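Participant: So Swiss-Prot lists the following for this protein:
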type     : residues : note
DISULFID : C24-C52  : disulfide bond
DISULFID : C32-C46  : disulfide bond
DISULFID : C36-C53  : disulfide bond
SIGNAL   : 1-21     : signal peptide
Amino acid sequence: MKLLQVLLVLLFVALADGAQPKRCFSNVEGYCRKKCRLVEISEMGCLHGKYCCVNELENKKHKKHSVVEETVKLQDKSKVQDYMILPTVTYYTISI
């Protein structure tokens with residue numbers, strides 16, 4: 001009787017695990033599905049031809065915006081700069 005109870009519990013645990021879709025890989029917070037829901041966007045592909053569906057609203061909350069600062073480099077005019085000129089070949093000449 002106890003063996004039957006253990007088997008039933010294990011059966012329901014195994015079924016509950018398979019009901020949830022698999023998570024996406026490579027640190028993407030989403031699920032692998034055949035079709036994404038209306039509020040989801042597909043970030044990248046999953047295995048077996050499925051899409052990695054990410055909730056767009058949740059993704060915006062957790063995404064941190066970083067400001068990219070470009071440093072302006074003043075070029076020294078005393079330095080010599082090299083240029084390489086590549087030869088070109090004209091196949092057709094179009095006259096208008």
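Cβ atoms here come from the backbone N, Cα and C positions, even for glycine.
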Participant: Residues with Cβ closer than 8 Å to the Cβ of C46 (disulfide bond), same chain and 6+ apart in sequence?
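Facilitator: Counting only residues 6 or more apart in sequence, the Cβ neighbours of C46 (disulfide bond) under 8 Å are K22, C24, F25, C32, C52.
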Participant: Rank the disulfide-bonded residues C24, C36 by the number of other Cβ atoms within 10 Å of each Cβ, and give the residue at the low end.
Facilitator: C36
Participant: Under a three-state reading of DSSP, tell me whether C32 (disulfide bond) is helix, strand or coil.
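Facilitator: Looking at the DSSP assignment, C32 (disulfide bond) belongs to a strand.
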Participant: Which of C32, C52, C53 has the fewest nearby Cβ atoms, counting only those within 10 Å, among these disulfide-bonded residues?
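Facilitator: It is C32 that, of the disulfide-bonded residues C32, C52, C53, has the fewest other Cβ atoms within 10 Å.
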